[in-house]
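Going by TrEMBL, these are the annotated features:
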type     : residues                                 : note
DNA_BIND : B:17-56                                  : DNA-binding region
DOMAIN   : B:80-181                                 : domain 'CoA-binding'
BINDING  : B:G91, B:A92, B:G93, B:N94, B:I95, B:G96 : NAD(+) binding site
2 protein chains.
Amino acid sequence: MDKKKNISMAVIKRLPKYHRYLSELLKNDVDRISSKELSRKIGFTASQIRQDLNCFGDFGQQGYGYNVKDLYSQISNILGIDREYSMVLLGAGNIGQAIANYTYFEKLGFKLKAIFDINPKLVGIKIRDIEIKDIDTLEGYLKNNAIDIGVLCVPSRSAQRVCDILIKNDVKSIWNFAPVDLIVPEGIHTENVHLSDSLLTLSYLMSHEE
Amino acid sequence: MDKKKNISMAVIKRLPKYHRYLSELLKNDVDRISSKELSRKIGFTASQIRQDLNCFGDFGQQGYGYNVKDLYSQISNILGIDREYSMVLLGAGNIGQAIANYTYFEKLGFKLKAIFDINPKLVGIKIRDIEIKDIDTLEGYLKNNAIDIGVLCVPSRSAQRVCDILIKNDVKSIWNFAPVDLIVPEGIHTENVHLSDSLLTLSYLMSHEE
């Protein structure tokens, strides 16, 4: 079923939304759904949905629609959450603590293995049974533990430096909450959550009302 | 300078990034910058930058480049942060508390006026001098206080209900952290921060490496 070449970021960015809606449908015991009905729920056109899913294989059947359970499981596979990922979290400030405490990621298969901070007052404290370690021990930790994702919640000024340590020690993906754009070598994935950018989009929309 | 019609969301979404970079340049006492140099820093092509900024007016001068302070101030105006916005925060759980504690938004002009939660154990507790109020008092509060933005950090199952109360009481913008897509009438702005969608984008990229 793998056509995976040349999939645009726009399509990739829509996949988690399909996953979320299908998970809702499953919870509500919906067995199958037409692309028209799925379109009504999810807010993409039926033709968009067909195009998106066609990037990955042949889903759905003329006159039957989609089998919800099958499609959910296929999209989970496509999203790569048929396996576990290990994460370390850097920076146990406000956002860092919130992320560490958010157990939903764990359910999706993203396991938080360790937390690091520079603040001696935080080192030693536990968040969900995970002790906050001194960030000076990060490199040593990474040499002994295979980690997939670094969750970067440190202040802007430290973000690139900590990111470099992660990459040097074989962390291949960075989930970045610091309000900076990281410079990373090819083959490293970054995904930014720039909260203030998002808030500024709202102020733009409010200030340009008719 | 206001050409503001038909600006695409893609352009709008890039504006906060310009704002962020110009703010950095200002901090580093950079007076002017060529579109080429700005392009190198920000990662958009020089022609993209010229196109984006041309949507709003004539910035920059042939052979001189951009005056950093002027451009920063113009983009601040365009983003609508030449005024203050009032916010209420709904749901003082992990993410809600992190947002409430994040003072950077305050510096941009987004003032947190009140926090609401349903949990009696949280009601009465203060975050940065703002007391958490019972969510049952939200409607009464909104009738007596003009609020621009509702920051929605409640669980998914309550998100639409709380959103409806906000809209009914003249809140025009919703900054939504709940992992659901809200249904809102025309004229209401929503901006979603779907953390798990962002994480799933990473797992997709990791699982589709060559």
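Just so it is clear, glycine is given a Cβ too, placed from its N, Cα and C backbone atoms.
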Cross-chain proximity of binding-site residues to A (CB under 8 Å), evaluated over B:G91, B:A92, B:I95: B:I95
Where B:G91 (NAD(+) binding site) falls in three-state DSSP terms: coil
Residue counts (helix, strand, coil, in that order) that DSSP gives for the DNA-binding region (B:17-56): 28 helix, 2 strand, 10 coil
Neighbour count (Cβ, 10 Å) for B:I95 (NAD(+) binding site): 24
